[in-house]
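Chemist: Annotations for this protein, taken from TrEMBL, read as follows:
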DOMAIN    69-491  domain 'Major facilitator superfamily (MFS) profile'
REGION    25-47  region 'Disordered'
TRANSMEM  138-159  transmembrane segment
TRANSMEM  165-185  transmembrane segment
TRANSMEM  197-216  transmembrane segment
TRANSMEM  228-250  transmembrane segment
TRANSMEM  312-335  transmembrane segment
TRANSMEM  347-364  transmembrane segment
TRANSMEM  371-389  transmembrane segment
TRANSMEM  395-419  transmembrane segment
TRANSMEM  431-450  transmembrane segment
TRANSMEM  462-486  transmembrane segment
């Protein structure tokens with residue numbers, strides 16, 4: 001690093017670990033005390049305290065980003081969740097008898113989706129920046145919509161397996177990629193709230209899915225097409241329509257050159273000064289990698305303990321979540337209500353969960369704490385499963401069903417934001433998010449196998465397994481949060497002018513590695529806990 005003036009060296013010492021406090025003192029200048037934690041969290045706070053004009057510009061930028069990016073991703077994930085979970089509604093509309101599914105075949109149809117979803121996540125996230133989000137999400141969403149619609153034409157077990165498998169492969173283009181896209185446009189303490197808006201649509205999908213299935217089952221029961229086939233046609237066709245629109249509506253990176261044929265839309269979307277601020281924010285969040293792919297970052301993601309602890313808690317979550325979305329109508333049907341009433345009763349739990357997603361995520365961004373909120377959410381779900389196991393009164397069981405949803409769904413945006421916050425560099429962040437989702441979806445196949453018909457109506461086996469795994473999720477979040485808190489404290493001591501490390505203390509790689517290769521190992525970076 002070239003040092004031009006004494007002042008330059010003082011400034012450099014704040015961010016370059018190779019420039020020590022002692023070297024600054026030797027120049028005859030006083031050393032500033034350690035910077036407050038808010039400045040050390042790794043991102044330049046553009047527009048926060050820079051005066052009224054910049055703050056106003058930031059507000060306009062965020063409003064436009066929310067209206068165009070977050071709202072559109074919310075629509076995309078709404079249809080992703082509808083198409084993924086409508087197999088449970090189709091079961092109540094007679095798909096098993098119509099196709100002739102026997103034994104474990106229905107459970108295999110549920111599970112095979114997650115097999116396809118799992119194997120395609122890392123490749124999908126790695127090509128997202130290269131191909132560009134608008135194109136990649138348009139292509140993948142349109143194809144999975146075709147697969148979803150094609151399910152209506154299935155007349156055999158093999159046909160169902162094929163459509164669900166390929167639907168899983170192409171759905172991975174939106175679910176894991178959306179948090180990565182949001183991390184290119186938003187700062188770290190703005191992310192969880194936006195991810196919650198995006199993933200909150202999955203709770204709305206559960207509510208809408210129940211209402212649509214109720215309407216189809218009640219009004220089209222005598223149609224020449226079986227009701228479950230009509231359900232797949234309606235929801236799959238909407239997916240294709242919105243998938244095609246994505247090419248036009250969804251923006252790419254802040255640094256992407258506007259398309260000539262869509263230049264008018266890009267000019268309307270962001271004014272030059274707003275795009276300039278978006279680019280500065282993009283660079284401040286360590287997104288300005290010189291390459292679309294860095295092998296060193298990919299390896300670093302696999303070697304980072306944070307990746308695997310987040311993966312472990314996501315495993316516990318997805319076992320519960322996949323079983324809940326696929327078998328909620330079956331669980332409620334076990335309470336002794338009719339098939340149509342079951343569809344209606346599946347709506348309120350998702351509505352309550354939607355509110356909890358927003359509240360937990362908003363407070364998590366406000367406090368810059370993720371682990372505590374995940375543990376609290378897991379506790380709420382654990383209480384719900386306990387009620388389902390301990391009582392056979394309908395009202396108590398229904399409260400348990402609602403509590404399970406209220407606890408499960410907030411963990412999704414909190415965990416994804418946590419990973420995006422604490423992994424720096426495009427390739428590492430993309431890989432870590434893909435590993436997280438891959439591990440979660442691998443074990444989501446287990447969730448499709450635990451609510452067996454022979455255990456109805458109380459489903460003790462399914463509830464017990466989910467209770468154990470949601471407790472695992474809460475414990476893992478607490479452990480990871482504690483480890484990150486201790487690491488932040490270690491870095492505070494390292495940056496303190498009064499701290500002198502002992503000869504045998506392990507200072508880590510941050511004093512030996514060039515700054516541009518440090519990423520989240522930089523001593524000035526602080527993890528979200």
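The backbone N, Cα and C atoms fix where each Cβ goes, and this holds for glycine too.
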Chemist: Can you work out which residues elsewhere in the same chain, 6+ from the ends of the transmembrane segment (197-216), have a Cβ less than 8 Å from its Cβ atoms?
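Modeler: Same-chain residues near the transmembrane segment (197-216) but 6 or more away: 66, 70, 73-75, 77-82, 85-86, 89-90, 92-93, 178-179, 182, 227, 230-231, 234-235, 325, 328-329, 340, 343-344, 346-347, 349-351, 353-354, 357-358, 405, 409, 412-413, 416.
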Chemist: Take every residue in the domain 'Major facilitator superfamily (MFS) profile' (69-491), average their pLDDT values, and give the whole-number result.
Modeler: 88
Chemist: With a Cβ cut-off under 8 Å, give me the same-chain residues at least six positions beyond the ends of the transmembrane segment (347-364) that come close to it.
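Modeler: Residues 192-193, 195-197, 199-200, 203-207, 210-211, 328, 370, 373, 376-377, 380, 401-402, 404-410, 412-414, 417 contact the transmembrane segment (347-364) from elsewhere in the chain.
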Chemist: For the transmembrane segment (462-486), name the stretch out of 165-185, 371-389, 395-419 with the most CB-CB pairs under 8 Å.
Modeler: 371-389
